[in-house]
Amino acid sequence: MSVPLILTLLAGAATFIGAFLGVLGQKPSNRVLAFSLGFAAGIMLLISLMEMLPAALDTEGMSPVLGYGMFIIGLLGYFGLDRLLPHAHPQDLVQKRQQPLPGSIKRTAILLTLGISLHNFPEGIATFVTASSNLELGFGIALAVALHNIPEGLAVAGPVYAATGSKRTAIFWAGISGMAEILGGVLAWLILGSLVSPIVMAAIMAAVAGIMVALSVDELMPLAKEIDPNNNPSYGVLCGMSIMGLSLVILQTIGIG
């Protein structure tokens, strides 16, 4: 097994660390759940708007029309899917109930897993291809990816655990998001990385950024606010953004940002 593939596997596996942190101890309270949802929204917003979209637009040969167009397609695609899937909206979670509906929370967690997985898949390809061309650079990227995969695993496992009460189920769903990154690395390994077009990758990144922004503002943040009307969800958003920002600073400090 090649070193670049091993680095990609380790970076994706870091998601499980966050998953285990998300299920330790007692079943999360509503305040913890709201915080974790806000935390996830902060992660997604910062990654999408400060990392993925700018990187896509800066790709050589990528036109602003295509980049922003794919971003909008991602936004509209999410809202279209959201309309097709019947579900309870956030305000329904507190209507005539003091506790949120587990099914609604589980659905949100699944959508969160999908959004993070869509982000992690091209990220796995990028990690492998970069490490294949420059191993030292690959080590740095794998480290930064692993750092932000830990809170992503926590953000997925917390809501699933609260909805189901099952640690195995929570770890399973969190693991899926990490496996998506590993799958991306394996795919890049199978096609030797050279066939991955930078323009195609940039277009995918822009669309996924749109999906993640829509998921954050339409699903995660409103649901967190309904579960805990106090400031706790806002703290989660700020913490998520801060941790993601720190990982990006580390990335730039070691010279690969």
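Using N, Cα and C of the backbone, Cβ positions are placed for all residues, glycine too.
What Swiss-Prot says about this one:
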- Asn120, Glu123, Asn149, Glu152, Glu181: Fe(2+) binding site (BINDING)
- Glu123, His148, Glu152: Zn(2+) binding site (BINDING)
- 5-25: transmembrane segment (TRANSMEM)
- 32-52: transmembrane segment (TRANSMEM)
- 61-81: transmembrane segment (TRANSMEM)
- 109-129: transmembrane segment (TRANSMEM)
- 137-157: transmembrane segment (TRANSMEM)
- 171-191: transmembrane segment (TRANSMEM)
- 195-215: transmembrane segment (TRANSMEM)
- 236-256: transmembrane segment (TRANSMEM)
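Cβ neighbours within 10 Å of Asn149 (Fe(2+) binding site), excluding its own Cβ and spanning all shown chains: 27. Listed by sequence, the residues of this chain that lie at least six past the ends of the transmembrane segment (5-25) yet keep a Cβ under 8 A from its Cβ atoms are 36, 120, 124, 127-128, 131, 138-139, 142-143, 145-147, 149-158, 161, 167, 170-171, 174-175, 177-182, 184-186, 188-189.
Counting only residues at least six positions away in the same chain, the Cβ atoms of Thr15, Gly18, Ala40, Ile43, Ile116, Asn120, Ala174, Ser177 sit under 8 Å from the Cβ of Glu152 (Fe(2+) binding site). Around Glu181 (Fe(2+) binding site), a 10 Å sphere centred on its CB holds 32 further CB atoms from the protein chains shown.
In the three-state DSSP scheme, Glu123 (Fe(2+) binding site) is classed as helix. Other Cβ atoms within 10 Å of the Cβ of Glu123 (Fe(2+) binding site) number 27 in total over all chains.
There are 28 other Cβ atoms within 10 Å of the Cβ belonging to Asn120 (Fe(2+) binding site).
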